[in-house]
Amino acid sequence: FQVGLAGIILNSTGVILTFRVRSLCTSFGRLTAVHLSADCAILAIFTFWCAPMTYFSYQDHDSLISRKMGQLSLYFWFVTLYSQLFIALNRFTLLFCPRIYMEFFQCRTSSLILLYNLICVGHICVYFGEGCDFYYNAETYFWEFAETPCESAISFWLDLVYGCVTSYVLLLIDVICVANMRMNASKLANPVSANERKIRSDREWRFLAQACCTELLFSFMLISFHVVSRYVSGLWPTFFSTSLIWKLSHLGNGIILFAFNQELRRAILQPKMLFSFSTITDTKAKT
């Protein structure tokens, strides 16, 4: 419960700040807000659904409402995955295809967000099939896929393989983006001061580190949930390798965002601005 509540508070603060910090009032900021909102939704399901079920020893874990909550949690999981994908594509098009960036990401951000949310709805449609169930078991503290051929295929291919491959593709895109930024920086080496080159270099490495941490975190969560959990026994080891690591990954996403973004950390020092109608201006140099 405490982990989920802490994650909700942290990610909710991040959502608010993406609208308050002027440098994040962009397509990147809006996509990040959707990502953080989905993190909050998943943590809310853990906090206000799973925790009470566990506390009151709810037995009917495969009831209709339990299965629907499972589908809802998977929907928000895919939203976090596609948010990462579109954030990476947002950076990639900004560097390599500025026209596409302006036409689609900057001018049609809401349409893109709606598009990938509809794709996420399509993903969870498969869970409406007979025997394709996903639910929280309060007796084992574990989110379970139904033991059917349908769920075996879906959990392996759609959840584990698709999720991990997507994360590694995102990592490749981000590495390409950083390599391009460093190449462009070297071309501007002469007219730019050494201090500004250092600022840009630090920002590029923070960007790469943030992307790597986020994508590796979610990959580790998937591997732990689907692979490690098969090789552990006992109530608590299974809980730690599945439900807890899932919660921690969404809490960790918020921590990573604040850890690598100075603008957000500075904004935390201005709490009265969180709910004001004006935006917080970043006073540091930006590229």
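The backbone N, Cα and C atoms fix where each Cβ goes, and this holds for glycine too.
Within the model, the domain '7TM GPCR serpentine receptor class x (Srx)' (1-261) shows a mean pLDDT value of 86, rounded to a whole number. Under the heading domain '7TM GPCR serpentine receptor class x (Srx)', TrEMBL lists 1-261.
Annotation comment: TrEMBL describes 6-24 (among others) as transmembrane segment.
Among the features that TrEMBL reports, transmembrane segment is placed at 36-55 (among others).
The annotation transmembrane segment is assigned in TrEMBL to 75-101 (among others). Non-local neighbours of the transmembrane segment (75-101) in the same chain are 27-28, 31-32, 34-35, 38-39, 41-42, 45, 112-113, 116-117, 119-121, 123-124, 163, 166-167, 169-170, 173-174, 176-177, 180-181, 211, 214-215, 218, 250, 253; each lies 6+ residues outside the stretch with a CB under 8 Å from one of its CB atoms.
Below 8 angstroms of C-beta separation, residues 30-31, 34, 49-50, 53, 61-63, 66-67, 69-71, 73-75, 78-79, 82-83, 85-86, 142-146, 148-151, 154, 158, 243 of the same chain, each at least six residues beyond the ends of the transmembrane segment (113-136), sit close to that stretch. Look at TrEMBL and you will find 113-136 (among others) tagged as transmembrane segment.
If you look up TrEMBL, you'll see 156-179 (among others) marked as transmembrane segment.
Positions annotated as transmembrane segment by TrEMBL: 207-227 (among others). Residues 80-81, 84, 88, 143, 155-156, 159-160, 163-164, 167-168, 170-171, 174-175, 177-178, 181, 241-242, 245-246, 248-249, 252-253, 256-257, 259-261 of the same chain, all 6+ positions outside the transmembrane segment (207-227), place their C-beta atoms under 8 angstroms from a C-beta of that stretch.
Annotated transmembrane segment per TrEMBL: 239-260 (among others), in sequence order. Beyond its flanks by at least six residues, the transmembrane segment (239-260) meets 3-4, 6-7, 10-11, 13-14, 32, 35-36, 39, 42-43, 46, 50, 80, 136, 140-143, 206-207, 209-210, 213-214, 217-218, 220-221, 224-225, 228-229, 232, 268 of its own chain at Cβ-Cβ distances under 8 Å.
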